[in-house]
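Participant: Pulled these from TrEMBL:
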type   : residues : note
DOMAIN : 21-109   : domain 'PPIase FKBP-type'
DOMAIN : 133-221  : domain 'PPIase FKBP-type'
DOMAIN : 245-332  : domain 'PPIase FKBP-type'
DOMAIN : 356-444  : domain 'PPIase FKBP-type'
DOMAIN : 455-490  : domain 'EF-hand'
DOMAIN : 500-535  : domain 'EF-hand'
REGION : 512-539  : region 'Disordered'
Amino acid sequence: TELGVERRFVPESCPRAVRPGDFVRYHYLGSFPDGTRFDSSYDRGSTFNVFVGKGQLIAGMDQALVGMCVNERRFVKIPPKLAYGSEGVSGVIPPNAVLHFDVLLIDLWNSEDEVQVQTYFKPEKCPRTVQVSDFVRYHYNGTFLDGTLFDSSHNRMRTYDTYVGIGWLIPGMDQGLLGMCVGEKRIITIPPFLAYGEDGDGKEIPGQASLVFDVVLLDLHNPKDGIAIENQLVPESCERRSQTGDFLRYHYNGTLLDGTLFDSSYSRNRTYDTYVGKGYVIAGMDEGLLGVCTGEKRRIIIPPHLGYGEEGRGNIPGSAVLVFDIHVVDFHNPSDSVSITVHYKPSNCTVLSKKGDYLKYHYNASLLDGTLLDSTHSLGKTYNIVLGSGQVVLGMDMGLQDMCVGERRTVVIPPHLGYGEDGVEGEVPGSAVLVFDIELLELVSGLPEGYMFVWNGEVSPNLFEEIDQNHDGEVLLEEFSEYIQTQVDTGKGKLAPGFDFEKIVKNMFTNQDRDGNGKVTAEEFKLKDQEAKEEHDEL
């Protein structure tokens, strides 16, 4: 005669129980005491949806549902007076029938409910939160209130990308995403009137269903965003900052806003080399690389409309905010020339280096970021060259001009006057600016341009006869070489310094051996000032 309620299963967590006025969705089996079934929501494939305590149910069920939790199962015995009484239901329930219901509560909400947000992880740093009109990328698992999964972006392996607060989402999600930080995880519970309402979505979501979204926010930007720059390390000395048209070499780590690494120049062990401000890189990077110093480290945050846009690229998803942590190794401009800074110059500096001089000097060679490349000090010997003869890179030939013995200077050489785009494999990176700290130790004056040998005194009028020691009217290479060696040894003549003796002499002999037969005759033999200057107007 009395209502009987047996709680056959009660979930451990019960954040909310049914109260009069709530709307519920539940499954049930209806039977008579002898076990005969008269009704079942399972057979219809849909829950029974109804308000509690508003007279829409038989009185016994109205009472039996109060206090139930979602996922709770109750066995309810309802006497006739709280069911269909003495009249019953024609053809279904006889008069004065006791009814048994096996009830499982699936869903529960109230018309006064609002969106519920439960944050269970929030990053320590939260520089920015979701606002109306922001564009977000997030992953989610969507379940009903009983935990049944109806959708998941994780299963599709693709984030859900959308604007917030402009009607692209159901109203409850529009509200639930506001105020989130990138990296934050929250559970958003949405009543049906802020979701898909009475009709559901016509697919997986039934009408009047509460929805639960477990969301992690991966990305956030606004279409009005520009790039953001965070200076991490700026050198104390910054004599020059990058400008449009400069060529930069820099290292970088590229990540998404949630910290996912998508690329790194460090992993390739090679800098990224590019012009700045000329469209060789994405627009945001073009802008972010302006105004940097050599050695500077900065973070450049680039919204997708200044990055790879809606389509993305490679392992960069569409509409992704990009974060580049860069370290500027060096930069130059194609119009740059050699830069010379003199640190010490002797007071008695009268003889200056010029083309053709033989120089001995020490140097330390480094990159613009200070990386040491080479040093003569470590080898314990000087570097020796003939200035202007092409024995060193063009920039060094220029940097050693007009230097006196004892002088110390720093020579900065742009790559187009150094080792160019290719560099030297294993030693000098391509497109690298080079820095040489130089000390000139010795200078041997060279000969006038175009001369390999000069006389220190008057030239003998019988020069050919003196060279032709056997007086046969022909001079062989051996005779010629022996004579030149004697002139140098006795101080009567001088060879161009810094060159191999045999090569110079052979070159001189070849110039005199005009018919190329290995012998020089008196008719062939001429001093340099005796040689007629040939005209080549036809060329």
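Positions of Cβ are set from backbone N, Cα and C atoms, glycine also.
Automatic, uncurated: that is what TrEMBL annotation is.
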Participant: Which residues of the chain, 6 or more past the ends of the domain 'EF-hand' (455-490), have a CB below 8 A from one of its CBs?
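Facilitator: Residues packing against the domain 'EF-hand' (455-490) from afar: 501-502, 505-506, 508-509, 512, 518-522, 525, 527.
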Participant: What are the DSSP helix/strand/coil residue counts across the domain 'PPIase FKBP-type' (133-221)?
Facilitator: 13 helix, 36 strand, 40 coil
Participant: I'm checking region-level scores; what's the whole-number mean pLDDT for the domain 'PPIase FKBP-type' (356-444)?
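Facilitator: Over the domain 'PPIase FKBP-type' (356-444), the predicted model scores a mean pLDDT of 95.
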